[in-house]
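These come from TrEMBL:
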type: DOMAIN; residues: 49-298; note: domain 'G-protein coupled receptors family 1 profile'
type: TRANSMEM; residues: 33-60; note: transmembrane segment
type: TRANSMEM; residues: 109-128; note: transmembrane segment
type: TRANSMEM; residues: 148-172; note: transmembrane segment
type: TRANSMEM; residues: 207-234; note: transmembrane segment
type: TRANSMEM; residues: 246-269; note: transmembrane segment
type: TRANSMEM; residues: 281-300; note: transmembrane segment
Amino acid sequence: MPCEGCMERDNESTDATMEFLLLGFSELRCLRVLLFLIFLIVHLVTLAGNMMIFLAVLMVPSRPPMLFFLCQLSAIELCYTLVIVPKALLSLAVVEGSTISFLGCAAQMHLFVALGGAECFLLAAMAYDRYVAICQPLRYAAVMSEGLCLRLALTCGLGAFAVALGLTVAVFRLPFCQSRHINHFFCDVPAMLHLACTQSYSPELPLLAACVLLVLLPFLLILASYVCIAVALLHITSSVGRGKAFSTCISQLAITLLHYGCATFIYVRPKSSYSPARDKMVSLVYTNITPLMYPLIYSLRNKEIRGILRKMLRRKKIAQVN
């Protein structure tokens, strides 16, 4: 469906000097202070948790592949929240919403999609790591070499960056409605497509292509890895060995379900089903709650991370005593 005010097209919709108005949660004026405090606390805890895991992994002199990928995941989550949450907090502080420039909106969308896509690819790389560890344990050290891990990390980042750039260029070449009011707290792709003054479904094609490359392809790779892992677990006769092997995968499975559940709900659907209020609530989950859950899940489930954190706390206590 076309957006409101589409009878008059903005002929200067590609002018870099134009601005958009992020409405944010302007309809919840009585709850703005409470929401601001909640988001601020969650944001600070998320930054502290991911930074702690990032620094903890960096302190390890010889990092196994899973810790290397976990360090990259924490770095992505740090950037991810810094791209979205500060602007969301500003929209809560300003009664009528906050403005964002054309280039600022494009940059925010590009970084958001690129970081989210890099996380999808990284989860696929982590699933492959678990596949090699469980299905080919004798060849694990040879297969998951430091060089392969670095190449996978670079591929995740550069591939997601390229796909996100193509999607961002395609979206911001569209003519936008004169109102330029974005009923969201950041420049999300569905919200921008809803603002576009077009009645055709052709603007959704770049989003569909990006979903195939950034969401569906990594998901199929993860699914294939875990199918092979499940088959391998069935051949393990010892229940203790089966439980130990499964426990190494449970953290990543939880992260994958959280990430892909939200991404599928928001992006894999037609434009006609767009609902601003519903989308904002789901966006709150994957931009605030999900990044907060990552360090909690990994710090509780990963023995190496728990050991490193205990050493860090012990050193801090010794330094304070001295």
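Backbone N, Cα and C atoms are what each Cβ position is placed from, and that goes for glycine too.
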Cβ under 8 Å, sequence separation of at least 6 from the ends of the transmembrane segment (148-172): give me the contacting residues as numbers and ranges.
14, 65, 68-69, 72, 102, 105-106, 109-111, 113-118, 120-122, 125, 128, 189, 192-193, 196, 203, 206-207, 209-210, 213-214
What residues elsewhere in the chain lie close to the transmembrane segment (207-234), defined as a C-beta under 8 angstroms and at least 6 residues from its ends?
113, 116-117, 120-121, 123-124, 127-128, 130-131, 134-135, 159-160, 163-164, 166-167, 171, 189-190, 193, 242, 245-246, 249, 253, 256, 260, 263-264, 267-268
Give the nonlocal contacts of the transmembrane segment (33-60) in its own chain as ranges (CB under 8 Å, at least six residues past its ends).
25, 67-68, 70-71, 74-75, 77-78, 81-82, 85, 88-89, 92-93, 288-289, 291-292, 294-296, 298-299, 304-305, 308-309, 312
Overall pLDDT of the domain 'G-protein coupled receptors family 1 profile' (49-298), taken as the mean:
84
